[in-house]
Amino acid sequence: VPPFALRTALICRRTPHLRQWLAKRSQHSITAEAGANTAPATVPNAATNRILGRWLLGCSGLVVGAVVLGGVTRLTESGLSMVDWHLVREMKPPQTRAEWEAEFAKYRQFPEFKIMNHDMTLPEFKFIFYMEWGHRMWGRLVGLAYVLPTIYFWKKGYFNRSMKGRALGLCGFVFFQGLLGWYMVKSGLEEKPESYDVPRVSQYRLSAHLGSALLLYCASLWTGLTLMVEPHKLANTKRLNQLRRFAKGTVGLVFLTALSGAFVAGLDAGLVYNSFPMMGDRWIPDDLLAFSPTLKNFFENPTTVQFDHRVLAISSLTAITGLYMFSRRMMLPRRAKIAISCLTAMAYAQVALGISTLLLYVPTPLAATHQSGSVALLSLAIWVLAELRKVAK
């Protein structure tokens, strides 16, 4: 034994405090060395998935707000009050009377004022301006809610390869949605000397704007639910696969019905036949195919558009009722049964809202509730799909 080591051993034996200090120092050295050899990498796990799920559910809630606010903006005929688009400059509304007069002067140059609102006062203009301004600011809030957390989570390593692609796709879709909104508004600002109709945005662009918002919402909601809700380990039987296909078809039908509502709103088709179940005194009105070519009726004839919306709504109700009846004969988890029951109840409530809106000549509060109901129905349908999804291998 070396003399130095022998002397150290003798000293430690005589002084217990020194022996404890050397033991602690040795333990700390081993711990530090082990920590240095461990790579401090953050990998996606159940905890980070729950965080991402909550974020996406929050984003989908903001998208619902944008859809509802957009519907109210359309119902109050406020969407054409802002006649230009600036990403940053328009975030601050007019403050002084001179600024309001300048904004009102710009609005007076366009068809909506000349044809419909030629006797509008400045206070009335302020109301429709703030409605559209609020809708646009909400859209910017939605964009920030997607983009900023995406950057943060990306840097923290919360995304796997699949989620990186989804996050980029959602952010890109938000940007596309904003451009599509301005493209829609521009269609209502164009001079149309050959037309005697009231100025309105193109029903094609309106349906594209709503459809893209619903796609963004469905993608966010589906991804958020699948990250947060554990899938059920269901036996992969033939009847269960049939139920899954049935549910997917029902979701598609509900989505198509909501999209047809955009054509109803764009053409004010809710005001042409305010009776139910018949349209006037007929089941099939005489002017159903009044336009030529025939295909044009399905997108530009208010009578046909309302008829189609009725047919799609009743078809959706029938499909959801059938889904409920089919599911009752199967052993499903409690959560899945609750989702299907909620979907069925909402379907009947939504049809009742639609009929009431029609019979009462489309009052704004009831019409806005009906539009919101379509999003609620679509949300419950997505929930049903999430509960019935297969376990990933």
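A Cβ is built for glycine as well, from the same backbone N, Cα and C atoms used for every other residue.
Residues or ranges marked as transmembrane segment in TrEMBL: 55-75 (among others).
If you look up TrEMBL, you'll see 137-155 (among others) marked as transmembrane segment.
Sequence annotations record features per position, and here TrEMBL assigns transmembrane segment to 167-185 (among others). Distant neighbours of the transmembrane segment (167-185): 59, 79-80, 82, 85, 136, 139, 142-143, 146-147, 150, 153-154, 159, 201-202, 205-206, 208-209, 212-213, 215-216, 219-220; these residues of the same chain sit at least 6 beyond its ends, with a Cβ under 8 Å from one of its Cβ atoms.
What TrEMBL records for 205-229 (among others) is transmembrane segment.
What TrEMBL lists as transmembrane segment is 250-273 (among others).
Remote same-chain residues near the transmembrane segment (309-326) are listed as 242-243, 246-247, 249-250, 253-254, 256-257, 260-261, 263-264, 269, 340-341, 343-344, 347-348, 350-351, 354, 377, 384 (criterion: CB distance under 8 Å, separation of at least six residues from the stretch ends). What TrEMBL records for 309-326 (among others) is transmembrane segment.
Long-range contacts of the transmembrane segment (338-362) within its own chain (CB-CB distance under 8 A, at least 6 residues past either end) are made by residues 75, 270-271, 273-276, 313-314, 316-317, 320-321, 323-324, 327, 332, 369-370, 373-374, 376-377, 380-381, 383-384, 387. Here TrEMBL flags 338-362 (among others) as transmembrane segment.
Packing against the transmembrane segment (368-386) from elsewhere in the chain are residues 64, 67-68, 71-72, 75, 214, 217-218, 221-222, 225-226, 229, 244, 247-248, 250-251, 254-255, 257-258, 261, 265, 316, 323, 336, 339-340, 342-343, 346-347, 349-350, 353-354, 357: each is 6 or more residues past its ends and has a CB under 8 Å from a CB in it. Taken from TrEMBL, the feature transmembrane segment covers 368-386 (among others).
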